[in-house]
Amino acid sequence: MVIRDKIFQSIITVFKRHGAQTIDTPVFELKEILSGKYGEDSKLIYDLADQGGELCSLRYDLTVPFARWLAMNPNIQSIKRYHISKVYRRDQPAVAKGRMREFYQCDFDIAGTYDPMIADAEILRITTEILDSLDLGIYTIKINHRKILDGLFEVCGVPVDKIRTISSAVDKLDKLPWEDVKKEMTEEKGLDPSVADKIGDYVVKKGGNELLSELLKDERLTSNESLKKGITDMCLLFEYLTIFNVLPKISFDLSLARGLDYYTGIIYEVVTEASAAPASKAKGAKKPKPVVESSDPDADRSNDDTIGVGSIAAGGRYDELVGMFSQSSKGGTPCVGISFGLDRIFSIKKAKMDEQSVRLNEVDVFVMAFGSGLLKERMQIARTLWDAGIKAEFSYKVKPKLQAQFKAAETNGVPFAVILGEDELARGEVKLKELGLPEGHPEKEGVTVSLENLAEEVKMRMAVNAMDGLLIAPDELALNRQPDYLDGTK
C-alpha cells in the first residue's frame, strides 16, 4: 500500500496539473447499461441479481459509468474528469503480474466539443508526464485510428457485419503470430482467406510520419472516405504531439484495434519492456505450453511464461457512447480519455524497487529515553510534537531498551530521534539526533535542544533535509563537507 499510495499521488498530481476534477460512480450498474459495450470481452462482466429482482453487473471499467453520468447531468457541457476506483472482470488471474479480477483503474477523460485533435494530444501528453514521473523504464505508446482500421477492412473486402469481430482478432497480434490470427479470422469467424491475406499485408506495418506518408500515397486506401478522415486526424495529431514533445514515444501501429466497441477515433495503449510475457522476449524462442490450462478459470497463472503484464494504460476517443444513454441533443457529447491499470504498474514498480528502501510510514521523529523509561515524559513530548503538526511516535513499553528503540526507528526509516535523559530533562533539555549520519560527522551524537524550542528545531531540520537534495553541490558531496548554508551564517 505504501508503493500504491505513491503511485496514486504521482498520477493525481499530473491530473490536477491539467485542470481535472474528480467524480465517483457506483460499483455496480444496471446490466443493460454495460451490455453491448465491450465486444467479445462482455463475457468477462460479473453479473448480479439484487433482492428486488433487478439485473445488475459490477462495473467493467470507469468509462461507461462516466458516459452514463454525463447523460444524466445535461447541465454539464464539458469537463476534464479523473476517477480512481476499482473495477471487476471475470478473467483468469495472474496476481504477481498485476492481472486480477478486482483491480484499480485511474481514468482521465475530456468531454465536450472542441476543435479536432487538441484534447487527444493533451491526453497523450498527460500519459507521458505520468509514466516519466513513475520511472517505469522505456515505454512506447502504440497508436492507431478506428476510422483507418475500419476503412482498411472495407478496402480489403471485410463484410460490414464482420468488421468488429475481425478487429478483435487483429488486436491479438501483439500476443499471437499472424498465422494464429489468420486462422481465427478464417476458421472461427468465416472470413475469406484471400481477404485475410490482404489485411495481413497492412496490419504488420508500424512506424511514425513515414507510415502516414506511405498510406497517403496508396490511392486504393485514400479513395475510402473513412480511412482518409482517419489519416487527416493522425497528421494533425502528430503536429500537436511534436509541439508537446510526445512524438518520440509514439508508434503508429496498424495492428492496434482495441476490442471495446465504443471507440470511434484515435485509440492507443502503453507497453513497457516489462509488459511482454517472458517467453516472448527471447528471439526465436519456442512457444511454451501454459503452466495452467485455460479451462481452469480460477487458477492463478502468475508462473505461466505465456502470460505477461500486458498494456499498463489504454484509451481512445468515444464520441457516441454518451448518446447511447440519452435521447436529448446532448447525446452526441464527444469524449476522449486514457485509463491506467494501477495493479499492472504496481507489479512493474515493485519489481524495480529495493524493498529495504520503502518506508512503511511517514513518521519524522521517534521519541525515546534512557534508563527508567520516562514513559509519561515521552508521551508529553510526543503530544507537543503532534500539536505542532509533526509526525511522531514512541515505544509502548514502560521501560524499553534503548537499542530496541533505535531498531524500531531504523526499521521504519524515521529520520530523527528525540532522546530523553533524566539530567537533561531536569535542565529543560533533550537531545535531537539525526539518524544515519556517517562516522566523524560533527552532529553524529546529536545536539542539545531546549524543550521550549524543540518543535521549531525539528521543523527547521526537516526543511533543511528536504532541501539538501536540491542545494548540495556534487563537489560538496564528494568531499563529505557540510554546505556553508548549514553553519548558521546564511
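Any Cβ shown, glycine's included, is placed from N, Cα and C.
Not measured: the values here are computed from a predicted model.
As annotated by TrEMBL, L-histidine binding site applies to Asp61, Leu62, Thr63, Arg89, Gln105, Asp109, Arg258, Tyr262, Tyr263. Residues or ranges marked as domain 'Aminoacyl-transfer RNA synthetases class-II family profile' by TrEMBL: 1-345. Positions annotated as region 'Disordered' by TrEMBL: 282-306.
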L-histidine binding residues Asp61, Leu62, Thr63, Arg89, Gln105, Asp109, Arg258, Tyr262, Tyr263: largest Cα-Cα distance, in Å and rounded to whole number: 21
Stretch-averaged pLDDT - the domain 'Aminoacyl-transfer RNA synthetases class-II family profile' (1-345): 85
Lowest local Cβ density (other Cβ within 10 Å) among binding-site residues: Thr63, Gln105: Gln105
Fewest other C-beta atoms within 10 angstroms, as judged across Asp61, Tyr263, which are the binding-site residues: Asp61
All-chain count of other Cβ atoms within 10 Å of Arg258 (L-histidine binding site): 22
